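> Encoded as structure tokens, here's the structure I'll be asking about.
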Amino acid sequence: MKNLEVFTHVSTAYAYCNRKHIDEVVYPPPVDPKKLIDSLEWMDDGLVNDITPKLIGDRPNTYIYTKALAEYVVQQEGAKLNVAIVRPSIVGASWKEPFPGWIDNFNGPSGLFIAAGKGILRTMRASNNALADLVPVDVVVNMSLAAAWYSGINRPKNIMVYNCTTGSTNPFHWGEVGYYLIHCFKMNPLNQVIRRPSIKFYTNNLLLHYSKGVRHTVPALLLDLALRLTGQKPWMMKTITRLHKAMVFLEYFTSNSWVWNTDNVNMLMNQLNPEDKKTFNIDVRQLHWAEYIENYCMGTKKYVLNEEMSGLPAARKHLNKLRNIRYGFNTILVILIWRVFIARSQMARNIWYFVVSLCYKFLSYFRASSTMRY
């Protein structure tokens, strides 16, 4: 390839997630890629599936594992090429280009954001204090272009690796993601939500399974039962099952934190002139997270679900209706439970009469005070 000036390889910041501190270098691979390929050629799918857990070791999945192998292959095979490696973390909606919040697929966190906005996703494994290393897609594109430019102009002797992350320079946590996500979807709801948006994060297995049962499985079964009784096809439980499978892929990353060295990224920013810094913006220190999450939520509504903004008033009305139904149901439930206790317990009856009497006296006092004031 005579005219190849630069070869830019897009990897992932989690290629070496078995380390807590990750520098901008290519680490030794877990196995020799060539030997692995030779071994896999004579294995059938069943045998490959059997050895995969032992093969990937402390990495969460084969995607991360093969990304680590790919970096090593690029390093070895590209020894005579001008190579740059860009490692984005969790890629999300755009920050500025082509416009704020642009996204066109359900990949990564986008699908979970939509599920939360619809009121379907209400609990998942995550740590409120774990770093949410989201990086806008336009930052990844800009960094890839800037990295190619730098390597093409300066032709460094060694492979340049860039950790395209946000956690080290502009930290944001999953607890904050959940807060801003729910706040945005309550202010600007999606169309035809199933339940009011709400989400809880847990790291404890017992609490997580309990919450999934109460907030996911039981409501899904009840909705499917109602659909069957009305002659419609049940679908909620299948949706919850698919959602739980999708959540497994992200749980590892929402429950842990890493520290990425970004010296090469900082150097790259300093090499850009003022005009290029604006055109190819990679300075995530300027990123305002609350605004970004709001644009992200609106982006899923406009560009993924193709919902018209003119439908927002109706969506808000529907959300308020769900709120009133919930409050009414909870009130009736509390009254029924309390009535059962009153019927069976003299102490409960005494407490009930005392509370009612106290409320009556307070209202009488308030009414008398208001009359005397005028």
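Cβ from N, Cα, C; glycine included.
Note that this is a predicted model, so its numbers are computed, not measured.
Just lifted these from TrEMBL, have a look:
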DOMAIN    1-143  domain 'Thioester reductase (TE)'
DOMAIN    215-307  domain 'Fatty acyl-CoA reductase C-terminal'
TRANSMEM  327-345  transmembrane segment
> Let me spell it out: take the transmembrane segment (327-345), skip the flanking residues so only those 6+ beyond its ends count, and list any with a Cβ under 8 Å from a Cβ in it.
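Distant Cβ neighbours of the transmembrane segment (327-345) are 352.
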> Across the domain 'Fatty acyl-CoA reductase C-terminal' (215-307), what are the DSSP residue counts per state (helix, strand, coil)?
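Helix, strand and coil residues of the domain 'Fatty acyl-CoA reductase C-terminal' (215-307) number 68 helix, 2 strand, 23 coil.
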